[in-house]
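Per Swiss-Prot, the features are as follows:
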type	residues	note
BINDING	Gly13, Ser19, Ile20, Asp64, Val65, Val92, Lys162, Ile191, Arg192, Thr193, Leu194, Ala195	NAD(+) binding site
BINDING	Ala95	substrate binding site
ACT_SITE	Tyr145	active site, proton acceptor
ACT_SITE	Tyr155	active site, proton acceptor
SITE	Arg203	site 'Involved in acyl-ACP binding'
Amino acid sequence: MGFLKGKKGLIVGVANNKSIAYGIAQSCFNQGATLAFTYLNESLEKRVRPIAQELNSPYVYELDVSKEEHFKSLYNNIKQDLGSLDFIVHSVAFAPKEALEGSLLETSKSAFNTAMEISVYSLIELTNTLKPLLNNGASVLTLSYLGSTKYMAHYNVMGLAKAALESAVRYLAVDLGKHNIRVNALSAGPIRTLASSGIADFRMILKWNEINAPLRKNVSLEEVGNAGMYLLSSLSNGVSGEVHFVDAGYHVMGMGAVEEKDNKATLLWDLHKEQ
């Protein structure tokens, strides 16, 4: 018997079969969940529908989180098709490319507002819209990153957005706790995804994480997906308001091992020159 057998969940923001949302969806499906998916626009619909089909789901809905009317349509569609939900996965983040270049000082008000609206407010609006459909014991999960609390090169305004997102998780956990609904964030280590492709020097970031993380590796999509499934299932019934790291332990590190520093410096300089 799967940990999510008989449960119904909504996956918001899956982009392709390399995305973290896909890894979570696949793990939930393997544990017996019935899934529904959203897509941003017609271009991404062509990617999402095959994923939904692979995971035996006929439920695919359009959702541009910048459009209020889409939330209303989503609510009506889910109520009609599924009746209720046991979990929501929020995997939505965006900042204009120019806001990830240069320094934070150069961030425009427009780029800042866009990053906050799409990456943070969308979680609040999504949860509030679908709250009447959430069953007792339901779970809401969003995706964060270490850049929320530590400086990460080329992350800029997204670091601020992820910090705000994690704060929203804590406040939503309190607001929804009285309804026995849990809210958590999953903070994964670097993984090659469509979103990470927009970050400069990402190959170097991957290698740096691999050689400095306590487990001396980068995490896999399956590992992150299984952690997400845990936070959505009854296995984590006592967990809410948490930021759960799945990064091979990298978040605990200060400096790497002294005996390795020379090799690391040479390796990273070589990687940097290849960019």
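Using N, Cα and C of the backbone, Cβ positions are placed for all residues, glycine too.
Just so you know, the Cβ of Tyr145 (active site, proton acceptor) picks up 25 other Cβ atoms within 10 Å once every protein chain is counted. For Ala95 (substrate binding site), the same-chain residues 6+ apart in sequence whose C-beta sits under 8 angstroms from its C-beta are Ala111, Thr114, Ala115, Ile118, Ser119, Asn156, Val157, Met158, Ala161.
Long-range Cβ proximity for Arg192 (NAD(+) binding site), meaning a same-chain Cβ under 8 A and a gap of 6 or more residues, is found for Lys18, Phe202, Leu206. Between the recorded positions Lys162, Arg203, Lys162 has the most other Cβ atoms inside 10 Å of its own Cβ, all protein chains included. In this view, Ile20 (NAD(+) binding site) is surrounded by 24 other Cβ atoms within 10 Å of its Cβ, with every protein chain counted. Cβ neighbour counts within 10 Å, taken over all protein chains shown, single out Gly13 as the most crowded of the recorded positions Gly13, Val65, Tyr155. Looking only at the recorded positions Ile20, Val65, Arg203, the one with its C-alpha closest to Tyr155 (active site, proton acceptor) is Arg203. A Cα-Cα distance of 17 Å separates Arg203 (site 'Involved in acyl-ACP binding') from Tyr145 (active site, proton acceptor).
Ile20 (NAD(+) binding site) and Tyr145 (active site, proton acceptor) have their C-alpha atoms 12 Å apart, to the nearest angstrom.
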